[in-house]
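Trainee: Copied straight from TrEMBL:
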BINDING   LEU11, GLN12, GLY13, ARG26, THR67  substrate binding site
DOMAIN    17-200  domain 'Radical SAM core'
BINDING   CYS30, CYS34, CYS37  [4Fe-4S] cluster binding site
BINDING   PHE36, CYS37, ASP38, GLY69, SER110, PRO111, LYS112, GLN160, PRO161, CYS162, ASP163  S-adenosyl-L-methionine binding site
BINDING   THR39  Mg(2+) binding site
Amino acid sequence: MLKINEIFYSLQGEGYFSGVPAVFVRFSGCNLKCPFCDTLHEEGKEMSVEEIVSVVCQYPALHVVLTGGEPSLFIDSHLIKALHDKQRFVAIETNGTRLVEEKVDWITLSPKLGQAQNAQIQQNKCDELKLVYQNDEQIKRLIKTLEESNFTFPKHLFLQPCDTGISAKNQKIIEDCVSFCKSNPLWRLSLQMHKLIDIK
Ligand SMILES: C[S@@+](CC[C@H](N)C(=O)[O-])C[C@H]1O[C@@H](n2cnc3c(N)ncnc32)[C@H](O)[C@@H]1O
Ligand SMILES: Nc1nc2[nH]cc(C(=O)O)c2c(=O)[nH]1
Ligand code: SF4
Ligand SMILES: [Mg+2]
């Protein structure tokens, strides 16, 4: 059984697949406590793989996003195979502290700084890197940490302004993030589109 916080149908609001209709499977629980985390994920109900797949298949989209919480702590090959058997494209949003060994179709990696010794980044490759931008100093440190490890940078590099919930502060973060992208053009902006248009 897997502890699931919610399963919902929306558009992918972030990163490479922004705008693509997708079914989100949100796992409950995480090994990090990012101060800026925008998700309440602690509550959940136990569901079998068959139940999860049955809810996912109520929606017409083939794109599925496993998120959380931290899905890499909980996924298993049975779930991935069951989704593949239904022709689903399986993407995962992960903080990278546990290696994703299952054969998923797309890994979105969003590592965080200042992780505890037992929560270091294990995932050293991915399809897209999506870093939460707080300020220049933080983002440069995060990128440097990745450069100094045996991390392979993917083709798709996104900076996502940290949503603080305070509009004036967000505006400054967005402006700084835009400046960073203009100075470092390998990076592009990922706005959390779903928040801008007030959908889930
Ligand atoms: C809620 S997390 C769940 C998946 C995984 N635990 C992770 O952090 O990648 C989903 C995405 O939202 C991003 N995120 C979380 N809080 C955010 C915030 N306040 N502003 C912008 N992005 C945020 C994360 O970095 C991650 O890319
Ligand atoms: N629309 C929408 N797109 C998303 N992309 C990643 C999300 C997440 O919370 O992992 C998310 C989310 O919560 N909603
Ligand atoms: S790793 Fe992801 S889910 Fe966990 S606290 Fe950080 S942003 Fe939230
Ligand atoms: Mg979200």
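Placement of Cβ uses the backbone N, Cα and C atoms for every residue, glycine included.
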Trainee: Would you count the other CB atoms within 10 A of the CB of LEU11 (substrate binding site), including those on all shown protein chains?
Mentor: 17
Trainee: Can you tell me which of these binding-site residues sit near ligand 3, meaning the Cβ is under 6 Å from at least one of its atoms: GLN12, GLY13, CYS30, CYS34, CYS37?
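Mentor: With ligand 3 as the reference and 6 Å as the Cβ limit, the list reads CYS30, CYS34, CYS37.
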Trainee: Looking at the binding-site residues LEU11, GLN12, PRO161, ASP163, which has the shortest Cα distance to CYS34 ([4Fe-4S] cluster binding site)?
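Mentor: It is ASP163, whose Cα lies nearest.
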Trainee: If you count, for each of the binding-site residues CYS30, CYS34, CYS37, the other Cβ atoms lying within 10 Å of its Cβ, which residue has the minimum?
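Mentor: Per-residue Cβ counts within 10 Å for the binding-site residues CYS30, CYS34, CYS37 bottom out at CYS37.
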Trainee: Under a threshold of 6 Å between Cβ and any atom of ligand 1, which of the binding-site residues ARG26, PHE36, LYS112, ASP163 are retained?
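Mentor: Those binding-site residues that pass the cut-off, since their Cβ is under 6 Å from ligand 1, are PHE36, ASP163.
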Trainee: With a radius of 8 angstroms around the mean position of the C-beta atoms of CYS30, CYS34, CYS37, what other residues of the same chain does the [4Fe-4S] cluster site pick up?
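Mentor: Those within range, site residues removed, are LEU32, LYS33, PHE36, THR39, GLU70, ASN95, LYS112.
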Trainee: Measure from each Cβ of the binding-site residues GLN12, GLY13, THR67, ASP163 to the atoms of ligand 2 and list the residues where some distance is under 6 Å.
Mentor: GLN12, GLY13, THR67
Trainee: Out of LEU11, GLN12, ARG26, THR67, SER110, give those binding-site residues positioned within 10 angstroms of CYS37 ([4Fe-4S] cluster binding site), comparing C-alpha atoms, in sequence order.
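Mentor: So the list reads none.
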Trainee: So what's the mean pLDDT when you look at the domain 'Radical SAM core' (17-200)?
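Mentor: The answer is 97, the mean pLDDT of the model over that range.
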Trainee: Going by Cα-Cα distance, pick out whichever of the binding-site residues LEU11, GLY13, ARG26, THR39, THR67 is nearest to PRO161 (S-adenosyl-L-methionine binding site).
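Mentor: It is GLY13, whose Cα lies nearest.
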